[in-house]
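Record features (Swiss-Prot):
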- 32, 33, 34, 35, 36, 37, 38, 39: ATP binding site (BINDING)
- 34, 35, 36, 37, 38, 39: substrate binding site (BINDING)
- 57-60: region 'Interaction with substrate tRNA' (REGION)
- 123: site 'Interaction with substrate tRNA' (SITE)
- 145: site 'Interaction with substrate tRNA' (SITE)
């Protein structure tokens, strides 16, 4: 397979030179949709290879939400070193830049100890920042973004594409005229900053991980089996205390636009507490939202990080652990 019998054929995973036999990778990156078994695999690998499991999931950063985000349990964390789990308060709007800074510290700690860094999670933007660097695009003012979206709905995507061609001809030429989201994004950036989006991307910060030597995979279970696991897991979360966890979060009266307040299942359960939904309805919505998110994860990684090798959980287990 693409094994990590502690000699890593990295060329099998990301196209880089495998190096000498017996070479250990600089890091292992395990991405995949929610409920695909990533965390369990990372834990077994950490136990077998003296590794450190480093969180790469934006929602598992929040300490208020262990159960509803399927964060590793305290018992699992005791079995191997885990970093960046539950390290951020729910009141914080934690950015990708803040994640990269925290991940750099965890990576340096693992390297200093001679341990294998194992990045695991489902947040594509975090993996992209680790392997390609963080975009230098400054925040776009809400009024600019809202105006562009309003015109997109009112005038249509072709009108926006024509306007983009006037401001950023090269950028417009790279985009399909019907690509609504990318055209709107490119137009809002050039209107807000006066510079094409490509200029900003060219100023991206250097990646935290070198382009050679790491193993990168995307766990891709069979879809229907995955969706069944998502439904079963959401029901198990409710039995394990997710209701009480979300109730405690709701009692803090935080801004509903904060990332932690939008974790899958949280909005629906808060509506249940307000009497707007029955528990059964809230559970169905939470599970459905999670299934839809898993679908988006498949699509995002396929288009945004094609260098990640897609494997079944069984192939990943065999390749990493030789089982």
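Residue positions begin at 1 at the first shown residue.
Cβ atoms here come from the backbone N, Cα and C positions, even for glycine.
Beyond the region 'Interaction with substrate tRNA' (57-60), the same-chain residues lying 6 or more positions past its ends with a Cβ under 8 Å from any Cβ of the stretch are 69-71, 85-86, 94, 99, 120-123, 125-126, 259-260, 263-264. Here the CA atom of residue 123 (site 'Interaction with substrate tRNA') lies 12 Å from the CA atom of residue 38 (ATP binding site).
Counting every protein chain shown, the Cβ of residue 34 (ATP binding site) has 21 other Cβ atoms within 10 Å.
Neighbour counts were taken as the number of other C-beta atoms within 10 angstroms of each residue's C-beta; across the recorded positions 36, 39, 123, the minimum falls on 123.
Counting other Cβ atoms within 10 Å of each Cβ, the binding-site residues 32, 33, 37 show the lowest value at 37.
Neighbour counts of Cβ atoms within 10 Å were compared across the recorded positions 38, 145; the minimum falls on 145. Under DSSP, the residues of the region 'Interaction with substrate tRNA' (57-60) split into helix, strand and coil as follows: 2 helix, 0 strand, 2 coil. According to its DSSP assignment, residue 145 (site 'Interaction with substrate tRNA') is helical.
For residue 35 (ATP binding site), the same-chain residues that are 6 or more apart in sequence and have a Cβ closer than 8 Å to its Cβ are 70, 226, 229, 230, 233, 290, 294.
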